[in-house]
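One structure is given below, encoded as structure tokens.
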Amino acid sequence: MAASRLDFGEVETFLDRHPELFEDYLMRKGKQEMVEKWLQRHSQGQGALGPRPSLAGTSSLAHSTCRGGSSVGGGTGPNGSAHSQPLPGGGDCGGVPLSPSWAGGSRGDGNLQRRASQKELRKSFARSKAIHVNRTYDEQVTSRAQEPLSSVRRRALLRKASSLPPTTAHILSALLESRVNLPRYPPTAIDYKCHLKKHNERQFFLELVKDISNDLDLTSLSYKILIFVCLMVDADRCSLFLVEGAAAGKKTLVSKFFDVHAGTPLLPCSSTENSNEVQVPWGKGIIGYVGEHGETVNIPDAYQDRRFNDEIDKLTGYKTKSLLCMPIRSSDGEIIGVAQAINKIPEGAPFTEDDEKVMQMYLPFCGIAISNAQLFAASRKEYERSRALLEVVNDLFEEQTDLEKIVKKIMHRAQTLLKCERCSVLLLEDIESPVVKFTKSFELMSPKCSADAENSFKESMEKSSYSDWLINNSIAELVASTGLPVNISDAYQDPRFDAEADQISGFHIRSVLCVPIWNSNHQIIGVAQVLNRLDGKPFDDADQRLFEAFVIFCGLGINNTIMYDQVKKSWAKQSVALDVLSYHATCSKAEVDKFKAANIPLVSELAIDDIHFDDFSLDVDAMITAALRMFMELGMVQKFKIDYETLCRWLLTVRKNYRMVLYHNWRHAFNVCQLMFAMLTTAGFQDILTEVEILAVIVGCLCHDLDHRGTNNAFQAKSGSALAQLYGTSATLEHHHFNHAVMILQSEGHNIFANLSSKEYSDLMQLLKQSILATDLTLYFERRTEFFELVSKGEYDWNIKNHRDIFRSMLMTACDLGAVTKPWEISRQVAELVTSEFFEQGDRERLELKLTPSAIFDRNRKDELPRLQLEWIDSICMPLYQALVKVNVKLKPMLDSVATNRSKWEELHQKRLLASTASSSPASVMVAKEDRN
């Protein structure tokens, strides 16, 4: 199938409709010489400042003077192009040009536009949150190596500009970009309309209706209506006024296109500051009368009507003669505008009844088109506002650490949303205080303000007069105290406004909108204020609603930033406090030197390899030397290259970080470590466990109860302590013990693991955590069933990691409960210490928490100790040591001691039962009575 051939005109039309494709092609295929020629030609074209020569055949009508006093025909349009040439004999249509610029619109279906999909944009949005370093060119490419350096550099810069990763804000903007485009239908040419007017009025009328029905842009629609009305009634000038302020009850007739000449070929430039607007008060003049009463006014001689205002004629020199004014209604009959035709052509003729009928037929269609365009404009405005609010949220989440930065972003967004001259944010000094006092003020002026206003603003800020006015602003104080927004349309007419301060500042305030800023707890933390809309109008209800919605997000952002600042200060205080505590929690240099120089007794002298070691045989210093001996005896100092001075310092600091509680103190930690050492050396576990595992369990034993407070995990949960809030209610204390051990290791001069390899260090810290957490009896109950089954079935395998983990956990528990394996006198003494500590916890539960403690913590039930010890041994201790004996028979002396101690507790329990029975018998009661007598 042969490809269709395109002529140059079709290609040019296609590129006009799709400029992004042309730009893409130029960026990829354009040459430097082409760009230089383009720059040279256009710089020459812009060099002459004189008027351009007029086009041949331009009608005299195109050179007539409009009421604004400017030439219509002989200049250039907004884009610098000359006006189009009218049809010869164009007087038939009142001198209307052939094809004005708005007639050259094209159907933009957008099918060939290159757009990133929503999915890809979302991915880019997520990727932009991370920091990437991208190379924007391929270092291996050498095809352009022969080009001049300037050209290579220029190409690299172009690539860099187009390939750098976009910011989060840009990607969000692309994601929120509206995919709804205004349909653009090219209207029929004016000369064709003139032809239809002469030969087929019905078709002529339908063409005019069709052209406005397809236009949803209010500006171009208004301009079309003016031109078409001029064309229909042969008027020299035409104006269109639209009703504004109906919702607020203050109607005004506003026209951005006033007295448009029928021969104007281009759509006039609209001013961003609405300098071309003409406002007519409701009910004033002929326009206001028609708008208020809805009547048609047809005046042959305007100067004979008392309602006519000739001020415009005096200013422009244009004389108004005949005038036809008619209301424009919406589909429900509401007046939404007024159309005015001036000076019937030929000059001096009045507008006829036929003109009135034609306008009456055409304006209802105009009303429908205007209503649709206004509805579309309102929806676009709401979309832009919603989009702006989402961008505000993005700004707030991107910056939550610096109050000044986030407030500046807020003020910049507020100015963009509300198009105001100034924006202020004032923050309260104390949100809890009933007295309103602002402590901080932030001010931003719009860049669209005049230079004089900006200079006045800078001078007032330098003199601090305006800052003082902000801090002592009575309107802001009122809003902060009542929590209600204030919207003042005319500041000088409002008694709440301080006019003197306004005059001193040199900035004239016309309108004020001030709303409170709330935090997440619905407390007022400040106020936000905007002044003077750029268009000169007061802030309306829509502005107020938008500003209040905007300030909700701003309040959350400011509150988060303030909270971050408070957390940052708290963190700094905590760092200082920890620094002070770590200084006092570490041992002194004299202590380290003392043990560093001391002679360490042998294992046999200390008897630390005995399973039945006396827990109370060594004093606090002797326990340090014994711990040093254990490290040396196990070969850990040599194997892991532990600095001896560091080891001494670490042991002394660990001892110092145990609290002076009755049982869970340094002596208990040492005794647990001693029993682990004895089991490793006596039972031969030293040959089964790796050196890293041995180091982990020895260090774990010494650190397993660091900073113990004498209360258990259940008490932490019941009391809602800081530890429970920090670590949760699962193994609360054990997590704290591990973290405390890590803190000591990370302190300067305490890292006994400093010479380990990276892998050894990582493995060791994981094993250390497992060892300390294993002392939680909850975890013991979870894992012991599996351990017992493995042992009873003979399926235990030292090569399986999970089996080794379970075994180490059981060893830690066996050592932690090891007092029950000691001789009776030692075991009983330890049991009494544990019970005393439990009783102190029970007393706190009763006094502080108003709870009745369980039997083991209840001092009033201390005589039940033997029974409780029997339950303890039978349910927890005995099964564990029985299983360990099955693993290694050398541990049988421990099991025998448990059985012996159980029999002792059984004897005490039986004696208590006999005593209880005897005290409750009748004979004992009689004996007691006789004793009393």
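One-based numbering along the chain as shown.
Backbone N, Cα and C define each Cβ position, glycine as well.
Just one of H612, H668, H750 is listed by Swiss-Prot for the same divalent metal cation 1 site as H704, D705, D816, and that one is H668. Checking the candidates S222, S239, S511, S719 against Swiss-Prot, the annotation phosphoserine falls on S239. For the recorded positions H664, H668, H704, the ranking by surrounding Cβ atoms (within 10 Å, all protein chains) places H704 first. Local packing around the binding-site residues D705, D816 was summarised as the count of other Cβ atoms within 10 Å of each Cβ; on this measure the leading residue is D705.
Between S424 (3',5'-cyclic GMP binding site) and S239 (phosphoserine), the C-alpha separation comes to 40 Å. Under DSSP, H664 (active site, proton donor) is assigned to coil, being neither helix nor strand in the three-state scheme.
Other residues of the same chain near the divalent metal cation 1 site, with their Cβ within 8 Å of the Cβ centroid of H668, H704, D705, D816, are H664, A669, V672, C701, H708, T775.
The distance from the Cα of D705 (divalent metal cation 1 binding site) to the Cα of S239 (phosphoserine) comes to 90 Å.
In this structure, S424 (3',5'-cyclic GMP binding site) is part of a beta strand by DSSP. In this structure the alpha carbons, written CA, of H668 (divalent metal cation 1 binding site) and S239 (phosphoserine) are 99 Å apart.
Between the CA atoms of S239 (phosphoserine) and H664 (active site, proton donor) there is a gap of 94 Å, rounded to the nearest whole number.
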